Each structure stands twice: as structure tokens, then as C-alpha cells.
Amino acid sequence: MGLKGFAEGGIASIVAGCSTHPLDLIKVRMQLQGESAPIQTNLRPALAFQTSTTVNAPPLRVGVIGVGSRLIREEGMRALFSGVSATVLRQTLYSTTRMGLYDIIKGEWTDPETKTMPLMKKIGAGAIAGAIGAAVGNPADVAMVRMQADGRLPLTDRRNYKSVLDAITQMIRGEGVTSLWRGSSLTINRAMLVTSSQLASYDSVKETILEKGLLKDGLGTHVSASFAAGFVASVASNPVDVIKTRVMNMKVVAGVAPPYKGAVDCALKTVKAEGIMSLYKGFIPTVSRQAPFTVVLFVTLEQVKKLFKDYDF
């Protein structure tokens, strides 16, 4: 297969990532809801002496339409593409690697006689490809999360990254090179879940549709298989994605204890403070983004493969 699979997967991933970036940004904002420290208001009753009562205001939770509307109202239409340069770099590193490796592994593990590959092998191939791709693309992933989340912070706390390269440079200077791999274990776990469920589901659903003669090998089959794969990937990865987003977004200041000690600590604190369903926070925008992302990804991939079919590299 050589570099061909990497090029095909990379082109399709960049197109899909950029076209669904606003939905991904809304998902990140929703996943960070409820994370900030409660607002404290000192209330003094009319007949009180020199005492005060501290009231913790409950965290405001807003739905996907509310988050999107507030984002446009407060930050402008351009804010919907905050961090898109990081998305391009992330797809170039992460998705190009995982798509190319999956193609190579699938070619090696496919039965030469039947031209088929068992579901468990597809899942294994996806997990391996996803893990390696995530390790390569983690710096861009951290930068993307921070750039997408920056607008929700007070003006004095914003990082104001100019681009993905500026974000990476500032992280190295201020927090050390290891900050580029903050949350990498979560990124790898999420990538293994997403890639194995997404690519294996797509291949399996597509094969089933063609075998049963439900549809011909065309746009209808590609869209149907892609939509199913996107939903499966969303269900499998959302809990890890919430924790990953929070760990990557946390601000580390010298001499001050970070909000979370690690992934497990973040998960425990999140569930304790916001309930078990908080792990599926942002699920609607996740599905809303993952389904069209997967559809655009595989439909574009099928077309790119047709363009490259006469070329070998």
C-alpha cells in the first residue's frame, strides 16, 4: 500500500475536520460546563450583624443551541472556527497516521482467499492504528482544545494563542515540552475506541449492505455505513473525551496545585460534583459532529480513492 493510504486518509480527514469544526468547538464548550469553581456571593440579611453567608450558585448548564447562540452573540461568527489551524495540524498528524496504518494492517490481516477480515481483527487493527496516531498528534490535540476553550475564560485569563504554532511554542516556554503530551493516555485510549469502533463499524456495515444486496456500492451505501459508524464511535468514546478535554484544558501555574492530579482524579471529581451522566456531557454535539464527520470522511475517502486508483506510490 505504501504512502497511498496515508495520503488518501489524510486528505479525507482534513476535509472532514474543517467542515465539522464548529460542531466540535460547541462540543468542547459543553464538556467544560460545570467545571469552573462555583460563583460565590456574600449575602447580608437585613437584620444580620457582622456575619456573612456564602451562597454557592449552581453551575449554569446550557444546551447545544444555547451554547452555539451565545458563542456567536458574544464572540462573533469567526469564533466558530477558533482553533481551526490546530484541527488541520491534528488531522494531518493523527488521522493521516491512523487511516494509513489501518489500511496497511487491514491489507496484511485480510484473508487472501476470501478477501474478508473478521470483526475482532478489524477492531484490533483500529486500536493499534488509533493508538499510534494519537501519540503522534497529541500536541495538536492539546493546542486545539485550548484554542477552542479560550473564549469561555475571563479576558484576564485567556491565553490568546495566535495560531496552533504559537500555542505549541507558548506551551513549551511556559509549561515545558511535556505539556504537549498532557492527557496523552486519554487521547490514546479515546483514539483506540474511536478508530476501532469507527473503521470496523464502517467496514462491517458496508460489507453487510453489499452482501445482502440492500444497496449498490455507491453514495447511499457509503453514507449509511458512515452514519452508523459515527454513532457507534460517539457512544464508545464520549466518557473518555470529556475527561480528556478537561485534563488538556486545565491551566497549570508554578507553585499552585493543578485542578486534577491525572485522568482518574479528573473522572472521580467530575462524577462526584456533577453526577455519572456528566461523562456523557456534550453527547448531542458529539453525535452531531461525529456522524457528519464520519460521513464526510468516508464519502471523501471513497472519492479520493477513485482519483488515486491509477497511481501507485
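Along the chain as shown, the residues are counted starting at 1.
Here the Cβ of each residue, glycine as well, is placed from N, Cα and C on the backbone.
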Which one of 161-181, 182-202, 245-265 shows up in Swiss-Prot as transmembrane segment? 182-202
Cβ contacts under 8 Å made by the transmembrane segment (123-143) with residues that lie 6+ beyond its boundaries: 83, 86, 89-90, 92-102, 105-106, 109, 117, 161, 164, 167-168, 171, 179-184, 187-188, 190-200, 248
Same-chain residues at least 6 beyond the ends of the transmembrane segment (280-300) whose Cβ lies under 8 Å from its Cβ atoms: 11-13, 15-17, 19-20, 23-24, 26-28, 30-31, 33-34, 63-64, 67, 198, 202, 219, 222-223, 225-227, 229-231, 233-234, 237-239, 241-242, 274
Summed over the repeat 'Solcar 3' (217-307), the DSSP helix, strand and coil counts are 73 helix, 0 strand, 18 coil
